[in-house]
Amino acid sequence: MQASQQHRSSVMASRLFPRVKEEVEPCSFPQFPAIDRSFCYTDSSHGSHFSVKNSHEPYCTLESSFACGSYRVYNSSSNGSPMSQQESQSNMSDLHHSPDNTYSSPISGSCITDDVSDLKGKLRELETVMLGPDCDIINSTISPEMDSWRLVMDAVSRRDLKQVLVSCAKAVSDNDLLTAQWLMDELRQMVSVSGEPIQRLGAYMLEGLVARLASSGSSIYKALRCKEPASAELLSYMHILYEVCPYFKFGYMSANGAIAEAMKDEDRVHIIDFQIGQGSQWITLIQAFAARPGGPPHIRITGIDDSTSAYARGGGLNIVAKRLSKLAALFKVPFEFNAAAMSGCEVQQEHLQVQPGEALAVNFAFMLHHMPDESVSTENHRDRLLRLVKSLSPKVVTLVEQESNTNTAPFFPRFRETLNYYTAMFESIDVTLPREHKERINVEQHCLARDVVNIIACEGPERVERHELMGKWRSRFRMAGFTPYPLSSLVNATIKTLLENYCDRYRLEERDGGLYLGWMNRDLVASCAWR
């Protein structure tokens, strides 16, 4: 009997991961909407405005100039022309852009410009005094504040972009607007959407800082979600990211492997996917079930997804239903699809249509971090969903999440965590996607920048990117009554084989019942299963 089960598992596994690149469709990961080029925002109480007009450029940098609470956006064309001619006339006419800096900004018409100039002059005087012949005497009596200033000045003079970003975030955190404005001016000369990984990430992190000061973070986030590029273009960007980075393949393969293992002897299988997207995660699983000794089970998939994914799909969940039904028919697998077009916050038990006699699997892939927890709302949908799922007695529940701690962390440590996490992400992209690749800027802007801005600029319910470390997820699952479901060693070996097609700086580690994929010494994505 045991030998028979092992044979089944081996056959399932051999069919579960065939030709990964050929079988998985381009967009089988969470949707990342893009910038709205016609969104306008005005907040008269703060004297600020956010304006983006139509542009014929292939991409739009989120450039800005923060001045007296004003937030303005310009395009990244080489001539530095603002996206709104009307705004350009109301600004100073002398716009200076560095020809090799795609993130340059106009000279600010800020009411504190003179103060910033004075501050720069005083800092230079301070540096001269500190580095003069009597600097040893001065250093013996220097205050911690003066020492901090010296470190900042040193970072600026060395053009240490990472340290200047951190210093600017600290100034924003301390509400030191004068220092923040000065450092933002310095940063604008250092970042570039077409430069080194840290320069590219720095461009978007700077935008997050500017938006936070302008109190326009939520407006930018809504603009980024409001209107995507042409559907085919967006799918192309997402496909590129999916192919050049193994993070999403890793997550979906590990989840599918756990589900296949748990369901290898079941005749009726019901999979609830809380963020189904294009539904492409289930292509290889349906094929694996089709090849199962003894015949395939009856499969029913409940796909949950809110309206933000509809544009990328080119329509509603009926598109997913037709695609998967056609595939299942091709492989002679009995199949049903139940569409639940709603946010996870809205899901109740009756929406899931669980039926007696079904073996239930629940999939949380890159989804739960969007659910507000007890720090945001007394409804605590993050834990509510886990308790709801546990009440359904599933055979297996899979979790895939980014391994980052941005949920309840205060602004400054959250900024540093985001900087470290996305530095690794951008560096990994740099290895496999050449900088001269014409679509790389689009990939990073449309698929990553929105999250970065939201994490840095927004607070409360408006901050929806709220990642937690696996240790915290483990605590939540255990409090909901779950116990760990060990991942198959065969699945782990298959994923290791997958990584051989990528840079050797990726690493895979199994620990504490979970599987971690990282870049060098930084964990980026974690996967685990529960029952």
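Glycine too: its Cβ is placed from the backbone N, Cα and C atoms.
Those TrEMBL annotations? Automatic predictions, nothing curated.
Database features (TrEMBL):
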- 159-219: region 'Leucine repeat I (LRI)' (REGION)
- 238-303: region 'VHIID' (REGION)
- 269-273: motif 'VHIID' (MOTIF)
- 319-351: region 'Leucine repeat II (LRII)' (REGION)
- 457-531: region 'SAW' (REGION)
_Are there residues at least six beyond either end of the motif 'VHIID' (269-273) with Cβ under 8 Å to its Cβ atoms? List them, or say none._
259, 263, 279, 281-282, 289, 297-304, 352, 354-355, 358-363, 365, 389
*asked:* Three or more CB pairs closer than 8 Å, sequence separation of 6 or more: does that hold for the region 'Leucine repeat II (LRII)' (319-351) against the region 'SAW' (457-531)?
replied: no
*asked:* As a test of reading the model: what is the averaged pLDDT for the region 'Leucine repeat II (LRII)' (319-351)?
replied: 94
